[in-house]
Amino acid sequence: MSEAVPLSTRRASSAGDAPGRAPVLDIDSLDMEARGVGRVVDENGEPGKVIFVEGALPGERVTYSSFRRKPTYEQAQVVDILRPSVMRTQPKCAFFGTCGGCSMQHLDMRAQVAIKQRVLEDNLWHLAKLRAEAMFAPIHGPSWGYRYRARLTVRHVAKKGGVLVGFHEKKSSYVADMTSCEVLPPHVSAMLVPLRRLVEQLSIRDRMPQIELAVGARVTALVLRVLEPINAADEALLREFADTHRVQFWLQPKGPDTVAPFYPLDAQLDYTLPEFGIRMPFKPTDFTQVNHQINRVLVGRALRLLAPERGDRVLDLFCGIGNFTLPLARLAREVVGIEGSDALTARALENAKENGVDGHTSFACRNLFEVTADDLRALGAFDKFLVDPPREGALAVSKALAEIAQSGAGPLPARIVYVSCNPSTLARDAGLLVHEAGYRLKGAGVVNMFPHTSHVESIALFERD
(Lines of atoms letter the chains of each structure in order from A and count residues from 1; the text may use other names and numbers.)
(Lines give C-alpha, C1' and ligand atoms only; values in the text may rest on other atoms or scores of the structure.)
Protein backbone atom coordinates (compact mmCIF):
# COMPACT_ATOMS: atom_id res chain seq x y z
CA MET A 1 0.00 0.00 0.00
CA SER A 2 1.30 3.48 -0.86
CA GLU A 3 2.52 5.64 2.00
CA ALA A 4 0.42 8.82 2.05
CA VAL A 5 1.80 12.21 2.97
CA PRO A 6 0.55 13.30 6.42
CA LEU A 7 -2.40 15.66 6.25
CA SER A 8 -1.42 19.27 6.73
CA THR A 9 -2.74 21.10 9.80
CA ARG A 10 -3.59 24.07 7.59
CA ARG A 11 -7.12 24.32 6.28
CA ALA A 12 -8.19 25.36 2.82
CA SER A 13 -9.67 28.83 2.70
CA SER A 14 -12.00 30.32 0.14
CA ALA A 15 -9.90 33.46 0.51
CA GLY A 16 -6.79 31.49 -0.42
CA ASP A 17 -5.30 34.27 -2.53
CA ALA A 18 -5.69 36.96 0.12
CA PRO A 19 -2.57 39.08 0.75
CA GLY A 20 0.09 37.14 2.61
CA ARG A 21 -1.45 33.75 1.97
CA ALA A 22 -0.59 31.16 -0.64
CA PRO A 23 -3.63 30.58 -2.89
CA VAL A 24 -5.58 27.33 -2.60
CA LEU A 25 -6.36 25.11 -5.59
CA ASP A 26 -8.15 21.81 -6.22
CA ILE A 27 -6.22 19.62 -8.69
CA ASP A 28 -8.29 17.88 -11.37
CA SER A 29 -5.74 16.09 -13.56
CA LEU A 30 -2.11 15.68 -14.59
CA ASP A 31 -0.61 17.03 -17.79
CA MET A 32 2.01 15.30 -19.96
CA GLU A 33 4.82 16.74 -17.79
CA ALA A 34 3.30 15.21 -14.62
CA ARG A 35 2.16 18.60 -13.32
CA GLY A 36 -1.11 18.90 -11.43
CA VAL A 37 -3.72 20.89 -13.35
CA GLY A 38 -6.45 22.97 -11.71
CA ARG A 39 -8.53 25.99 -12.61
CA VAL A 40 -9.04 29.09 -10.52
CA VAL A 41 -12.68 29.97 -9.86
CA ASP A 42 -13.56 33.62 -9.24
CA GLU A 43 -15.91 34.94 -6.56
CA ASN A 44 -18.86 34.55 -8.96
CA GLY A 45 -18.07 30.89 -9.59
CA GLU A 46 -16.76 31.55 -13.09
CA PRO A 47 -13.72 29.55 -14.32
CA GLY A 48 -10.54 31.53 -14.66
CA LYS A 49 -6.89 30.76 -15.30
CA VAL A 50 -5.52 27.24 -15.59
CA ILE A 51 -2.77 26.60 -13.04
CA PHE A 52 -0.06 23.97 -13.66
CA VAL A 53 1.36 22.95 -10.28
CA GLU A 54 4.57 20.93 -10.04
CA GLY A 55 4.39 18.32 -7.29
CA ALA A 56 0.56 18.21 -7.08
CA LEU A 57 -1.63 15.21 -7.92
CA PRO A 58 -5.24 14.75 -9.09
CA GLY A 59 -7.77 14.91 -6.25
CA GLU A 60 -5.52 17.00 -4.03
CA ARG A 61 -6.20 20.39 -2.52
CA VAL A 62 -2.97 22.36 -2.37
CA THR A 63 -1.53 25.77 -1.81
CA TYR A 64 0.88 26.94 -4.48
CA SER A 65 3.37 29.61 -5.44
CA SER A 66 3.44 30.80 -9.06
CA PHE A 67 6.77 31.37 -10.77
CA ARG A 68 5.43 32.19 -14.25
CA ARG A 69 2.27 34.12 -15.05
CA LYS A 70 0.60 34.37 -18.45
CA PRO A 71 -2.80 35.83 -19.41
CA THR A 72 -4.55 32.43 -19.54
CA TYR A 73 -2.40 30.22 -17.30
CA GLU A 74 0.22 30.13 -14.57
CA GLN A 75 3.04 27.73 -13.74
CA ALA A 76 3.53 27.05 -10.07
CA GLN A 77 5.19 24.93 -7.40
CA VAL A 78 3.23 23.22 -4.65
CA VAL A 79 3.67 24.79 -1.20
CA ASP A 80 1.45 22.68 1.08
CA ILE A 81 -0.73 19.63 0.50
CA LEU A 82 -3.97 20.28 2.38
CA ARG A 83 -5.73 17.13 1.18
CA PRO A 84 -3.41 14.41 -0.19
CA SER A 85 -4.34 11.98 -2.95
CA VAL A 86 -4.57 8.25 -2.27
CA MET A 87 -2.20 7.94 -5.26
CA ARG A 88 0.57 9.82 -3.45
CA THR A 89 3.54 7.78 -2.25
CA GLN A 90 6.87 8.54 -0.60
CA PRO A 91 9.64 9.13 -3.19
CA LYS A 92 12.46 6.62 -2.85
CA CYS A 93 15.21 8.98 -3.98
CA ALA A 94 16.63 11.58 -1.59
CA PHE A 95 17.20 13.93 -4.54
CA PHE A 96 13.70 13.76 -6.02
CA GLY A 97 12.30 17.25 -6.54
CA THR A 98 15.74 18.75 -7.15
CA CYS A 99 17.13 16.32 -9.74
CA GLY A 100 15.37 16.50 -13.10
CA GLY A 101 15.84 12.82 -13.90
CA CYS A 102 12.43 11.78 -12.52
CA SER A 103 9.10 13.60 -12.26
CA MET A 104 6.69 10.96 -10.90
CA GLN A 105 8.29 9.27 -7.89
CA HIS A 106 5.59 10.80 -5.67
CA LEU A 107 2.91 8.94 -7.64
CA ASP A 108 1.94 5.28 -7.11
CA MET A 109 3.23 3.07 -9.95
CA ARG A 110 -0.23 1.83 -10.96
CA ALA A 111 -1.39 5.42 -11.20
CA GLN A 112 1.69 6.35 -13.27
CA VAL A 113 0.83 3.68 -15.84
CA ALA A 114 -2.87 4.60 -15.84
CA ILE A 115 -2.04 8.26 -16.49
CA LYS A 116 0.26 7.32 -19.37
CA GLN A 117 -2.51 5.16 -20.85
CA ARG A 118 -4.87 8.12 -20.62
CA VAL A 119 -2.30 10.38 -22.32
CA LEU A 120 -2.11 7.88 -25.19
CA GLU A 121 -5.89 7.66 -25.53
CA ASP A 122 -6.30 11.44 -25.32
CA ASN A 123 -3.69 12.02 -28.04
CA LEU A 124 -5.34 9.49 -30.36
CA TRP A 125 -8.73 11.12 -29.88
CA HIS A 126 -7.83 14.82 -29.85
CA LEU A 127 -5.25 14.69 -32.65
CA ALA A 128 -6.68 11.96 -34.90
CA LYS A 129 -10.30 11.42 -33.75
CA LEU A 130 -9.45 7.76 -33.19
CA ARG A 131 -10.26 5.22 -30.54
CA ALA A 132 -8.48 1.87 -30.68
CA GLU A 133 -10.74 -1.15 -31.01
CA ALA A 134 -8.90 -2.60 -28.00
CA MET A 135 -6.51 -1.20 -25.40
CA PHE A 136 -3.64 -3.60 -24.75
CA ALA A 137 -2.54 -4.46 -21.23
CA PRO A 138 0.34 -2.13 -20.30
CA ILE A 139 3.87 -3.49 -20.56
CA HIS A 140 5.74 -2.85 -17.33
CA GLY A 141 8.62 -4.29 -15.34
CA PRO A 142 11.15 -3.28 -12.66
CA SER A 143 10.67 0.33 -11.62
CA TRP A 144 14.09 0.85 -10.00
CA GLY A 145 17.61 0.28 -11.31
CA TYR A 146 16.31 0.00 -14.88
CA ARG A 147 18.13 2.82 -16.66
CA TYR A 148 20.88 1.14 -18.66
CA ARG A 149 21.65 4.25 -20.68
CA ALA A 150 22.17 7.78 -19.41
CA ARG A 151 23.94 11.01 -20.22
CA LEU A 152 25.55 12.48 -17.12
CA THR A 153 26.74 16.07 -17.01
CA VAL A 154 30.12 16.84 -15.43
CA ARG A 155 30.87 20.22 -13.91
CA HIS A 156 33.34 21.63 -11.40
CA VAL A 157 31.41 23.83 -8.97
CA ALA A 158 33.65 25.36 -6.32
CA LYS A 159 30.68 26.43 -4.17
CA LYS A 160 29.55 22.80 -3.99
CA GLY A 161 33.00 21.58 -2.99
CA GLY A 162 34.29 20.25 -6.30
CA VAL A 163 33.14 18.15 -9.24
CA LEU A 164 29.47 17.19 -9.71
CA VAL A 165 28.44 14.23 -11.88
CA GLY A 166 24.75 13.67 -12.53
CA PHE A 167 21.55 14.75 -14.22
CA HIS A 168 20.52 18.37 -14.53
CA GLU A 169 18.44 19.94 -11.82
CA LYS A 170 14.75 20.19 -12.67
CA LYS A 171 14.18 22.80 -15.40
CA SER A 172 17.75 24.06 -15.04
CA SER A 173 21.17 23.88 -16.65
CA TYR A 174 22.73 23.34 -13.21
CA VAL A 175 23.96 19.86 -12.32
CA ALA A 176 22.16 18.17 -9.43
CA ASP A 177 24.40 17.56 -6.42
CA MET A 178 23.50 13.86 -6.30
CA THR A 179 25.49 11.07 -4.67
CA SER A 180 23.23 8.20 -5.74
CA CYS A 181 20.42 7.44 -8.20
CA GLU A 182 17.60 4.94 -7.70
CA VAL A 183 16.82 4.47 -11.41
CA LEU A 184 20.40 3.72 -12.44
CA PRO A 185 21.63 0.14 -11.91
CA PRO A 186 22.88 -0.19 -8.30
CA HIS A 187 26.51 -0.65 -9.31
CA VAL A 188 26.36 2.55 -11.37
CA SER A 189 24.64 4.49 -8.58
CA ALA A 190 27.42 3.40 -6.22
CA MET A 191 29.96 4.72 -8.72
CA LEU A 192 28.75 8.36 -8.76
CA VAL A 193 30.85 9.56 -5.82
CA PRO A 194 34.01 7.70 -6.96
CA LEU A 195 33.49 9.24 -10.42
CA ARG A 196 33.42 12.70 -8.88
CA ARG A 197 36.71 11.98 -7.11
CA LEU A 198 38.24 10.60 -10.31
CA VAL A 199 37.34 13.62 -12.44
CA GLU A 200 38.60 15.96 -9.69
CA GLN A 201 42.09 14.44 -10.14
CA LEU A 202 42.22 14.65 -13.94
CA SER A 203 44.24 17.33 -15.72
CA ILE A 204 41.22 17.97 -17.98
CA ARG A 205 38.75 18.32 -15.09
CA ASP A 206 37.31 21.50 -16.59
CA ARG A 207 37.40 20.17 -20.17
CA MET A 208 35.22 17.08 -19.76
CA PRO A 209 31.56 18.19 -19.93
CA GLN A 210 29.77 14.84 -19.98
CA ILE A 211 29.91 11.10 -19.44
CA GLU A 212 27.74 8.79 -21.52
CA LEU A 213 26.70 5.58 -19.76
CA ALA A 214 25.87 2.31 -21.51
CA VAL A 215 25.32 -0.91 -19.55
CA GLY A 216 25.37 -4.27 -21.29
CA ALA A 217 24.78 -7.80 -20.09
CA ARG A 218 28.39 -8.14 -18.90
CA VAL A 219 30.10 -4.78 -19.50
CA THR A 220 29.50 -1.23 -18.27
CA ALA A 221 30.92 1.42 -20.59
CA LEU A 222 31.61 5.07 -19.76
CA VAL A 223 32.22 7.41 -22.69
CA LEU A 224 34.18 10.49 -21.61
CA ARG A 225 33.65 13.60 -23.74
CA VAL A 226 37.16 15.08 -23.70
CA LEU A 227 37.79 18.54 -25.16
CA GLU A 228 41.56 18.21 -24.66
CA PRO A 229 43.88 15.18 -24.83
CA ILE A 230 44.50 13.29 -21.61
CA ASN A 231 48.06 12.94 -20.30
CA ALA A 232 49.94 9.93 -18.95
CA ALA A 233 48.84 10.58 -15.36
CA ASP A 234 45.20 10.73 -16.51
CA GLU A 235 45.62 7.44 -18.36
CA ALA A 236 46.95 5.76 -15.23
CA LEU A 237 44.02 7.06 -13.16
CA LEU A 238 41.49 5.83 -15.72
CA ARG A 239 43.06 2.37 -15.89
CA GLU A 240 43.08 2.08 -12.09
CA PHE A 241 39.42 3.16 -11.87
CA ALA A 242 38.41 0.73 -14.65
CA ASP A 243 40.09 -2.18 -12.88
CA THR A 244 38.62 -1.28 -9.49
CA HIS A 245 35.04 -0.70 -10.67
CA ARG A 246 35.04 -3.14 -13.60
CA VAL A 247 34.09 -0.62 -16.26
CA GLN A 248 35.32 0.11 -19.76
CA PHE A 249 36.34 3.67 -20.67
CA TRP A 250 35.81 5.13 -24.13
CA LEU A 251 37.02 8.56 -25.24
CA GLN A 252 35.19 11.01 -27.51
CA PRO A 253 37.41 13.95 -28.53
CA LYS A 254 35.02 15.39 -31.16
CA GLY A 255 31.82 14.15 -32.83
CA PRO A 256 30.17 10.73 -32.38
CA ASP A 257 32.35 9.25 -35.13
CA THR A 258 35.47 9.83 -32.99
CA VAL A 259 34.36 7.57 -30.11
CA ALA A 260 36.94 4.83 -29.47
CA PRO A 261 37.64 2.38 -26.64
CA PHE A 262 40.47 3.37 -24.30
CA TYR A 263 40.69 0.62 -21.63
CA PRO A 264 40.19 -2.30 -21.48
CA LEU A 265 40.16 -3.01 -25.20
CA ASP A 266 38.80 -6.57 -25.12
CA ALA A 267 35.40 -5.85 -23.47
CA GLN A 268 32.26 -5.95 -25.63
CA LEU A 269 28.84 -4.50 -24.87
CA ASP A 270 25.84 -6.64 -25.72
CA TYR A 271 22.30 -7.47 -24.67
CA THR A 272 20.23 -10.57 -25.27
CA LEU A 273 16.73 -11.50 -26.42
CA PRO A 274 16.52 -15.02 -24.93
CA GLU A 275 13.04 -15.76 -26.30
CA PHE A 276 14.49 -15.63 -29.81
CA GLY A 277 18.05 -16.81 -29.14
CA ILE A 278 19.53 -13.44 -30.11
CA ARG A 279 22.71 -11.81 -28.79
CA MET A 280 23.04 -8.18 -29.85
CA PRO A 281 26.51 -6.56 -29.68
CA PHE A 282 26.48 -2.74 -29.71
CA LYS A 283 28.72 0.27 -29.21
CA PRO A 284 28.01 2.72 -26.37
CA THR A 285 26.91 5.44 -28.81
CA ASP A 286 24.53 3.15 -30.75
CA PHE A 287 20.83 3.63 -30.09
CA THR A 288 19.52 0.88 -27.83
CA GLN A 289 16.53 0.87 -25.50
CA VAL A 290 17.15 2.29 -22.03
CA ASN A 291 15.35 -0.55 -20.25
CA HIS A 292 16.60 -4.01 -21.27
CA GLN A 293 13.95 -5.96 -19.35
CA ILE A 294 11.09 -3.99 -20.89
CA ASN A 295 12.72 -4.25 -24.32
CA ARG A 296 12.56 -8.05 -24.13
CA VAL A 297 8.83 -7.93 -23.36
CA LEU A 298 8.25 -5.28 -26.02
CA VAL A 299 9.95 -7.33 -28.75
CA GLY A 300 7.87 -10.36 -27.80
CA ARG A 301 4.63 -8.33 -27.82
CA ALA A 302 5.45 -6.69 -31.16
CA LEU A 303 6.19 -10.01 -32.87
CA ARG A 304 3.07 -11.66 -31.50
CA LEU A 305 0.96 -8.77 -32.78
CA LEU A 306 2.66 -8.81 -36.17
CA ALA A 307 2.33 -12.63 -36.30
CA PRO A 308 4.88 -13.28 -39.07
CA GLU A 309 4.49 -16.56 -40.91
CA ARG A 310 7.15 -18.70 -42.59
CA GLY A 311 6.30 -17.43 -46.03
CA ASP A 312 6.09 -13.73 -45.10
CA ARG A 313 8.24 -10.89 -46.35
CA VAL A 314 8.51 -8.23 -43.64
CA LEU A 315 9.78 -4.63 -43.78
CA ASP A 316 11.37 -3.22 -40.61
CA LEU A 317 11.58 0.58 -40.83
CA PHE A 318 13.95 2.54 -38.53
CA CYS A 319 15.53 -0.84 -37.74
CA GLY A 320 18.56 0.45 -35.80
CA ILE A 321 21.01 -2.35 -34.98
CA GLY A 322 18.35 -5.01 -35.65
CA ASN A 323 16.42 -5.10 -32.37
CA PHE A 324 13.26 -6.30 -34.16
CA THR A 325 14.79 -7.40 -37.47
CA LEU A 326 16.79 -10.31 -36.09
CA PRO A 327 13.97 -11.87 -34.03
CA LEU A 328 11.68 -11.45 -37.05
CA ALA A 329 14.21 -13.33 -39.16
CA ARG A 330 13.75 -16.36 -36.90
CA LEU A 331 10.09 -16.50 -37.99
CA ALA A 332 9.68 -15.00 -41.48
CA ARG A 333 11.00 -15.92 -44.91
CA GLU A 334 12.72 -12.56 -45.46
CA VAL A 335 13.12 -9.37 -43.43
CA VAL A 336 14.37 -6.11 -44.93
CA GLY A 337 15.68 -3.54 -42.46
CA ILE A 338 15.89 0.14 -43.39
CA GLU A 339 17.79 2.60 -41.18
CA GLY A 340 18.87 6.23 -41.57
CA SER A 341 22.33 5.82 -40.01
CA ASP A 342 25.21 4.24 -41.92
CA ALA A 343 26.86 3.11 -38.67
CA LEU A 344 23.69 1.45 -37.33
CA THR A 345 23.01 -0.19 -40.69
CA ALA A 346 26.51 -1.69 -40.68
CA ARG A 347 26.05 -2.89 -37.10
CA ALA A 348 22.71 -4.52 -37.99
CA LEU A 349 24.40 -6.42 -40.82
CA GLU A 350 27.18 -7.60 -38.47
CA ASN A 351 24.63 -8.67 -35.86
CA ALA A 352 22.65 -10.65 -38.44
CA LYS A 353 25.82 -12.56 -39.34
CA GLU A 354 26.71 -13.06 -35.67
CA ASN A 355 23.29 -14.63 -35.03
CA GLY A 356 23.21 -16.72 -38.20
CA VAL A 357 20.19 -14.99 -39.76
CA ASP A 358 22.00 -13.12 -42.54
CA GLY A 359 20.45 -15.51 -45.05
CA HIS A 360 17.00 -14.19 -44.14
CA THR A 361 17.85 -10.49 -43.79
CA SER A 362 19.05 -7.56 -45.86
CA PHE A 363 19.69 -3.98 -44.81
CA ALA A 364 19.83 -0.58 -46.48
CA CYS A 365 20.54 2.97 -45.33
CA ARG A 366 17.84 5.46 -46.40
CA ASN A 367 16.47 8.77 -45.17
CA LEU A 368 13.05 7.63 -43.98
CA PHE A 369 11.95 11.20 -43.26
CA GLU A 370 11.92 11.82 -47.02
CA VAL A 371 10.69 8.45 -48.29
CA THR A 372 8.06 8.57 -51.06
CA ALA A 373 5.40 6.24 -52.41
CA ASP A 374 7.70 5.44 -55.33
CA ASP A 375 10.47 4.49 -52.88
CA LEU A 376 8.17 2.03 -51.10
CA ARG A 377 6.93 0.58 -54.39
CA ALA A 378 10.54 0.04 -55.49
CA LEU A 379 11.14 -2.18 -52.46
CA GLY A 380 8.50 -4.64 -53.68
CA ALA A 381 5.57 -6.26 -51.92
CA PHE A 382 5.64 -6.91 -48.16
CA ASP A 383 3.12 -8.82 -46.10
CA LYS A 384 3.78 -6.85 -42.92
CA PHE A 385 5.56 -3.71 -41.66
CA LEU A 386 7.20 -3.01 -38.33
CA VAL A 387 7.80 0.72 -37.73
CA ASP A 388 9.87 2.00 -34.80
CA PRO A 389 10.67 5.69 -35.44
CA PRO A 390 12.30 8.28 -33.18
CA ARG A 391 10.23 11.04 -31.55
CA GLU A 392 9.63 12.73 -34.91
CA GLY A 393 7.47 9.79 -35.95
CA ALA A 394 7.01 8.27 -39.41
CA LEU A 395 5.15 11.03 -41.26
CA ALA A 396 6.72 10.46 -44.68
CA VAL A 397 6.12 6.70 -44.46
CA SER A 398 2.49 7.25 -43.45
CA LYS A 399 1.93 9.74 -46.27
CA ALA A 400 3.52 7.34 -48.77
CA LEU A 401 1.21 4.52 -47.67
CA ALA A 402 -1.80 6.85 -47.94
CA GLU A 403 -0.77 7.84 -51.47
CA ILE A 404 -0.39 4.20 -52.52
CA ALA A 405 -3.79 3.37 -51.05
CA GLN A 406 -5.54 6.26 -52.77
CA SER A 407 -3.88 5.66 -56.14
CA GLY A 408 -4.42 1.91 -56.05
CA ALA A 409 -1.01 1.57 -57.69
CA GLY A 410 1.09 -0.68 -55.51
CA PRO A 411 0.78 -3.33 -52.80
CA LEU A 412 0.16 -2.48 -49.16
CA PRO A 413 0.99 -4.56 -46.07
CA ALA A 414 -2.00 -6.21 -44.43
CA ARG A 415 -0.65 -5.48 -40.95
CA ILE A 416 1.53 -2.78 -39.37
CA VAL A 417 2.94 -2.75 -35.85
CA TYR A 418 4.01 0.77 -34.86
CA VAL A 419 6.28 1.24 -31.81
CA SER A 420 6.28 4.85 -30.66
CA CYS A 421 8.19 7.02 -28.18
CA ASN A 422 5.93 10.05 -28.74
CA PRO A 423 2.13 9.72 -28.46
CA SER A 424 1.46 12.91 -30.41
CA THR A 425 3.37 11.81 -33.52
CA LEU A 426 1.86 8.32 -33.23
CA ALA A 427 -1.60 9.93 -33.21
CA ARG A 428 -0.73 12.08 -36.23
CA ASP A 429 0.53 9.09 -38.21
CA ALA A 430 -2.37 6.91 -37.06
CA GLY A 431 -4.76 9.51 -38.46
CA LEU A 432 -3.14 9.19 -41.88
CA LEU A 433 -3.06 5.40 -41.78
CA VAL A 434 -6.74 5.11 -40.80
CA HIS A 435 -8.42 8.07 -42.50
CA GLU A 436 -6.36 8.10 -45.72
CA ALA A 437 -4.74 4.67 -46.13
CA GLY A 438 -7.72 2.54 -45.12
CA TYR A 439 -6.27 0.81 -42.04
CA ARG A 440 -8.12 0.04 -38.81
CA LEU A 441 -6.54 0.77 -35.44
CA LYS A 442 -7.01 -2.68 -33.94
CA GLY A 443 -5.30 -1.96 -30.66
CA ALA A 444 -2.89 0.27 -28.74
CA GLY A 445 -1.24 0.30 -25.33
CA VAL A 446 1.50 1.88 -23.28
CA VAL A 447 4.99 0.54 -22.62
CA ASN A 448 6.36 1.81 -19.31
CA MET A 449 9.92 2.03 -20.58
CA PHE A 450 10.78 4.95 -18.27
CA PRO A 451 9.16 4.49 -14.83
CA HIS A 452 8.89 7.63 -12.65
CA THR A 453 9.06 9.91 -15.70
CA SER A 454 6.31 11.38 -17.87
CA HIS A 455 7.78 9.75 -20.99
CA VAL A 456 5.13 7.70 -22.82
CA GLU A 457 6.24 4.79 -25.01
CA SER A 458 3.49 2.87 -26.79
CA ILE A 459 2.68 0.19 -29.34
CA ALA A 460 -0.16 0.09 -31.87
CA LEU A 461 -1.52 -2.46 -34.34
CA PHE A 462 -3.05 -1.50 -37.71
CA GLU A 463 -4.79 -3.89 -40.11
CA ARG A 464 -6.14 -3.51 -43.62
CA ASP A 465 -8.36 -5.87 -45.61
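Cβ from N, Cα, C; glycine included.
These features come from Swiss-Prot:
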ACT_SITE  C421  active site, nucleophile
BINDING   C93, C99, C102, C181  [4Fe-4S] cluster binding site
BINDING   Q289, F318, N323, E339, N367, D388  S-adenosyl-L-methionine binding site
DOMAIN    16-80  domain 'TRAM'
REGION    1-24  region 'Disordered'
Going by DSSP, give the three-state secondary structure for C93 ([4Fe-4S] cluster binding site).
coil
With DSSP assignments reduced to helix, strand and coil, which class does N323 (S-adenosyl-L-methionine binding site) get?
coil
Please report how many Å separate the Cα atom of Q289 (S-adenosyl-L-methionine binding site) from that of C181 ([4Fe-4S] cluster binding site), as a whole number.
19
Cβ within 8 angstroms of the Cβ centroid of C93, C99, C102, C181: which residues besides those meet this for the [4Fe-4S] cluster site?
F95, F96, G101, Q105, F167, A176, M178, E182, V183, H452
Secondary structure content, the domain 'TRAM' (16-80) (per DSSP, counts of residues):
0 helix, 36 strand, 29 coil
Averaging the per-residue pLDDT over the domain 'TRAM' (16-80), what integer do you get?
90
If I take the alpha carbons of F318 (S-adenosyl-L-methionine binding site) and the residue listed as 'active site, nucleophile', what is the distance between them in whole Å?
13
Find the one among the recorded positions E339, N367, C421 whose C-alpha lies closest to that of C102 ([4Fe-4S] cluster binding site).
C421
Students should find that the Cα atoms of C99 ([4Fe-4S] cluster binding site) and N367 (S-adenosyl-L-methionine binding site) sit apart, in Å rounded to an integer, by 36
Reading the DSSP string in three states, the entry for C99 ([4Fe-4S] cluster binding site) is strand
Which one of these binding-site residues, Q289, N323, N367, has the sparsest Cβ neighbourhood, judged by other Cβ atoms within 10 angstroms?
N367
What's the CA to CA span in angstrom from C93 ([4Fe-4S] cluster binding site) over to C421 (active site, nucleophile)?
25
Within 10 angstroms of the C-beta of the residue listed as 'active site, nucleophile', what count of other C-beta atoms is obtained when all protein chains are considered?
20
